[in-house]
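A.B. asks: Not my notes, these are from TrEMBL:
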TRANSMEM  37-58  transmembrane segment
TRANSMEM  79-107  transmembrane segment
TRANSMEM  151-176  transmembrane segment
TRANSMEM  182-202  transmembrane segment
TRANSMEM  233-250  transmembrane segment
TRANSMEM  256-279  transmembrane segment
Amino acid sequence: MAPSVSSTNSVQGTSMSPISVSILDADSLKVQMLGTIVSAIVYGMGFMLYIDCFSLLLRQHRSKADERVRNPSRNMRHFLFFFITLLILLATLAEVQAIVVTTVSIFGGPRVPGLAEGAPLVLPFSVWSSDSFMLWRCATLYQGIPRSSRFALLAFICLVFLASLGSGISIFMNTITQRLPILLMVSFSTFLNIIICAMIILRLTFHQRYLQTVLGPGHGSPYNRVKAMSVESASLLIALGIPFVILVGTKCQNGSMFLLLLYPQICAISPILIVYRVAQGRAAMAMPLEESTQKQVKDIEAVLGSIQFKSNDASGSWRHSNPDSIFSSLDDHGYLSSEK
């Protein structure tokens, strides 16, 4: 059956509700089909990553090893099970909508609810989930700095996140143009990821240099893996966000629509990739310490703050001072840990 096409606009607005996607023109239909195919491939990669990550977490959950030395902690595992499942669910809904829109555009049928530029309805929720995870990691890592400095830094990045949140909410409302809120949301999200990634790298570089000064150069190399992991996660969103802003600025509607079809999948893969690295133990830092260096470790702990080393209890084992805390669990098992 030949595709039914129309030269009219592909989207129309409705008051206080998402717009509806009508039959696409020939060029837009080609881009929609290509975007759906590519996003399906990316979704498959993300789903396999989710399965591997879930399996690793489940294996650790069933392990009989001492809870104090497992990566990540029990409370953190419960949260991560929920979080990665939420991300893959949003990615699934986005892909289902893309397939339905493509099918309706080819064979005809009722209009499908959607957003401007062909964006999936779940796009704002995917962006918010991914950005919240990045913000949480950064806030945790900066627990050890003076309170006033930490408040100023977090207030700034929170304002950027709130701007992204407000832009996302306005997408579902009756606005003058539906393109502007999506552009603002993606722009703020990209800027937020750039800032947070830079802040994480700066903080870890400080920790690395301090640790090398006190314990020697052999104890700094694990920080490079953690920095690489942070850049790897953030760069996925940045590499998609910057071209999208450029394409919208040059009024390339088909190009921006193609990237928006991929965006929910990348928003899911980026945080899941971090969780997967953590579950594999690649973010852990093993530091076998002799008794002569225990005093130095206590001095380091006072300076590093957010990367809390395990304290020595009466039995001589190293234990985290607050294992039940979500933030402490993230420090202990989301970035760096020291185990004897």
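Even glycines carry a Cβ here, placed using N, Cα and C.
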A.B. asks: Restricting to the same chain and to residues at least six past its boundaries, which positions have a Cβ under 8 Å from a Cβ of the transmembrane segment (37-58)?
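C.D. replies: Distal contacts: 72, 77, 80-81, 84-85, 87-88, 91-92, 94-95, 98-99, 258, 261-262, 264-266, 268-269, 272-273, 275-276, 279-280.
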A.B. asks: In terms of Cβ proximity under 8 Å, which residues at least six beyond the ends of the transmembrane segment (256-279) contact it?
C.D. replies: 28, 31-32, 34-36, 38-39, 42-43, 45-46, 49-50, 52-53, 56-57, 60, 71-72, 80, 83-84, 87-88, 90-91, 94-95, 98, 117-120, 122-123, 126-127, 129-130, 133-134, 137, 182, 186, 229-230, 232-234, 236-237, 240, 243-244, 247-248, 333-334
A.B. asks: May I ask for the residues of the chain that lie six or more residues beyond the transmembrane segment (233-250) and have a Cβ under 8 Å from a Cβ within it?
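C.D. replies: Same-chain residues near the transmembrane segment (233-250) but 6 or more away: 117, 130, 134, 179, 183, 186-187, 189-190, 193-194, 196-197, 256, 259-260, 262-263, 266-267, 269-271, 273-274.
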